[in-house]
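As recorded in TrEMBL, the features of this protein are as follows:
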- Gly109, Thr110, Asn111, Gly112, Lys113, Thr114, Thr115: ATP binding site (BINDING)
- 107-305: domain 'Mur ligase central' (DOMAIN)
- 328-456: domain 'Mur ligase C-terminal' (DOMAIN)
- Lys218: N6-carboxylysine (MOD_RES)
Amino acid sequence: MKIKDILRELNSLILKVNCDEELEFNYISSNSKDIQENTLFICRKGTSFDSHNIVDDLYKEGANVFVVEREIRKYPYIQVVDSRIAESIIASMFYSKPYEKLITFGVTGTNGKTTSVHLFHHIMHNFGIKGSISGTVVNDIMGDKFYHPNTTPSAIEIMRNMHKTLENGGKYYGMEVSSHALSQYRVESIRYDIVGITNITRDHLDFHETFENYKKAKFHILNLLKPNGIAVVNHELLQEVKNKNKNIKLVSFGVDSSSDYVIHEITTNWSGTFFKLDTPYGEKKVASQLIGEYNAFNITLVVAALAEIGYDIDEVIASVATFRGVDGRFEIIPEAKKLGIEIVVDFAHTPDALEKVILSLRKLTKGRLITVFGAGGQSDIGKRPMMGEVVSKYSDISIITTDDPRGEDPLKIIKDVEAGLVPGSLSLSIEDRKEAIDTAITLANRGDVILIAGRGHEPYQVFDENHKVPFKDRDVAIDIIFQKINKGEKTFK
Ligand SMILES: CC(=O)N[C@H]1[C@@H](OP(=O)(O)OP(=O)(O)OC[C@H]2O[C@@H](n3ccc(=O)[nH]c3=O)[C@H](O)[C@@H]2O)O[C@H](CO)[C@@H](O)[C@@H]1O[C@H](C)C(=O)N[C@@H](C)C(=O)N[C@H](CCC(=O)O)C(=O)O
Ligand SMILES: Nc1ncnc2c1ncn2[C@@H]1O[C@H](COP(=O)(O)OP(=O)(O)OP(=O)(O)O)[C@@H](O)[C@H]1O
């Protein structure tokens, strides 16, 4: 590709062109760890690094032209107003706008993104349609599965994955779209057939500062629809969405009878969640292995999305029943039954998610509910007391422990959570997460339920960027169960 090919697209972003328009490049990157011969490299001053400062190294590594926000002394460059927007445009151009040839499904919202995207992937697979997804738990690019530290990768990575999907005969790309990604233009050049908004409650106010900014970032996804694309939104957000986007095609889902897809008669038990759904195609009965009433909303978002783009709603609903859920989302630990208790590992780490999952568990618990949880470091300090309040309000025993401190003092985080505890509620604070889980299992009697919340599937406990400890809640709980059985501390019940 030649420089002149991208100048047209970059258009009003360009401040200065300091290179030959005939200059050719055959790779693009914005990360020094991903560079080849004749790479167009996009520099930016981000939150923790400024890649303008390493252009000499980048040139030695193979970069032959730069896109920069501030002028550099030597090397060919194009100076632009904003490197993030430039990256999304260049990535789209370089990979020939792959989203135009794919069914693209983007889901944003505070909670439910992972569950919805994985359910979408499962249903398309059941229909014999090949494709890819990206998100918090896994990136599955046409069967190539890997973990990415971001819920939403960079603009270049997404376009590269979409291009690879097309090259391998894939027909769709489903992705979780975080509010950070929307604010940083990682998805700015993508156009979606379907965008879904699960819900918007408090989270990430450390980044967005106000709830309004957070909502605005989420709603921006509605501007990224294809011309005949459709938005599937939680009915609670319908009015706001309509006020902001008068002429988009949209359907709503929720319990409100004026929704396009009306959820009612939800029941949930240890074998799953069951509900009725009034749809434009008549009343439907939905059965799912997912536990928790809130999953009726995630399921309906996906059912509506696929029905609205022409898939047979009865076949879609039949396929929902075989979805076994996502690692670390209401994941039952079968070994706990040996002690006559239930243990559930869940990813809930916002006040709303904690409330939803605890209230669902309350209905299933014959005995007491013991919740082990903590708050992540470097993330929305304001929500910590709210988490303490909601857990202590609805749990019989709350055990506050360490989540992923990410460089913060774990005891300080625990104190922030303690500040919200309901006076008189039964709670313990145990800094060591393994000890906290062990204590919960020791305290549990027959018929009790333990919820281990906040980290879900995560394989490492991140104390800081140089100190990560392998720690999978599920595996730790299973180890403790067998230790107690082998030591005779807990008998088979
Ligand atoms: C604060 C934030 O969102 N940062 C994201 C952002 O980085 P940034 O723009 O701040 O860039 P930077 O890290 O300062 O680096 C500046 C530039 O130098 C480049 N660089 C940097 C270092 C280096 O050695 N070589 C190099 O070339 C970088 O590629 C970048 O182009 O863009 C990067 C590329 O897309 C992301 O990886 C990075 O995510 C960081 C790791 C992060 O932790 N982000 C979190 C806050 C986040 O985005 N979370 C959401 C999910 C939130 C949730 O729902 O829980 C997500 O989508 O992951
Ligand atoms: N529709 C929902 N409403 C409220 N809480 C939900 C909903 N769906 C899931 N949850 C709760 O939120 C947790 C995270 O769910 P999931 O991973 O599907 O969402 P997510 O948006 O991908 O989260 P994250 O952005 O943190 O990866 C679940 O473990 C559950 O506790």
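The backbone N, Cα and C atoms fix where each Cβ goes, glycine too.
From a predicted model like this one, the values you see are computed outputs, not experimental measurements.
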Close to ligand 2, in the sense of Cβ under 6 Å, among Asn111, Gly112, Lys113, Lys218 as recorded positions, are Asn111, Gly112, Lys113
Work through the binding-site residues one by one (Thr110, Asn111, Thr114, Thr115) and point out the residue whose CB has the fewest other CB atoms within 10 angstroms. Thr110
Averaged over the domain 'Mur ligase C-terminal' (328-456), what pLDDT does the predicted model reach? 97
What other residues of the same chain, not counting Gly109, Thr110, Asn111, Gly112, Lys113, Thr114, Thr115, have a CB atom within 8 A of the CB centroid of the ATP site? Val107, Ser116, Glu176, Thr198, Asn199, Asn298
Sorted by position, what residues of the same chain at least six away from Lys218 (N6-carboxylysine) have a C-beta under 8 A from it? Thr108, Gly109, Ser179, Leu182, Ile197, Ile200
Secondary-structure category, per DSSP, in which Lys113 (ATP binding site) falls: helix
List the same-chain residues at least 6 positions away in sequence whose Cβ sits under 8 Å from the Cβ of Gly112 (ATP binding site), in sequence order, or say none. Thr198, Asn199, Tyr294, Phe297, Asn298, Leu301
Please classify the secondary structure at Lys218 (N6-carboxylysine) using three-state DSSP. helix
Per-state residue totals over the domain 'Mur ligase C-terminal' (328-456) - DSSP helix, strand, coil: 52 helix, 24 strand, 53 coil
